[in-house]
Amino acid sequence: MASFTVGIVVFPGSNCDRDVSWALEGCLDIKTKFLWHESSDLNDVDSIVLPGGFSYGDYLRCGAIARFSPLINSLHDFIKSGRRVLGICNGFQILTESGFLPGALVANKNLNFICDDVDLNVITSKGGWFQKLNENQNIKLPIAHGEGCYHCDQDTLKRLVDNDLIALKYKTNPNGSTSDIAGITNEKGNVLGLMPHPERACDESIGGIDGLYTLRSLITQ
């Protein structure tokens, strides 16, 4: 996939950017490019990943400061053009803080940091994010977060359900998320935010390859 480039955004405090690059280049032969958060030129990338970590130290709230960066401002036109954006963990938090996805990520119900492999159900394949997977199919991905509890009001939940925007649900809810939600898409289907880490499940030697379904979807046209 030498002609296709995935941009990986790097904020102060990002710590999963190189993991994402390794997964895409090493496991899928997809070219990547690191994008410093102060950049606003996205013309030479075809898809974008907002990786996990602790952008700006997660001060105020997770993603609350990152949403003011020049690059996030440029995402408006990028998303409108139909190109794909994947937000993983802290990236999901940034997408909700920036208004690209509805709801919010708040502290886990038990107030503890959770690091574990979790079973998930694919609820919708809208936008082609889970290629070759059927709805309600089970996958296993790692989670690692302290503020991964997805919260939304009942009107928002109804909109998510009615418009088929819930991408993933936890089989056993680890953090208190509303309706067991682990990931959602926008209405156009080209933006996906999820708390689990697909880049940590892309090689059998590190526990599984279920993350490849999501990462491979970055090159869907």
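Placement of Cβ uses the backbone N, Cα and C atoms for every residue, glycine included.
What Swiss-Prot records for this protein:
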- Cys89: active site, nucleophile (ACT_SITE)
- His197: active site (ACT_SITE)
- Glu199: active site (ACT_SITE)
- 5-221: domain 'Glutamine amidotransferase type-1' (DOMAIN)
Euclidean distance between Cα atoms of Cys89 (active site, nucleophile) and His197 (active site), Å: 7
Average pLDDT across the domain 'Glutamine amidotransferase type-1' (5-221), rounded to a whole number: 94
For His197 (active site): DSSP state (helix, strand, coil): coil
Largest tally of Cβ atoms lying within 10 Å of a Cβ, found at which of the active-site residues His197, Glu199: Glu199
Residue pair Cys89 (active site, nucleophile), Glu199 (active site) - Cα distance, angstrom, rounded: 11
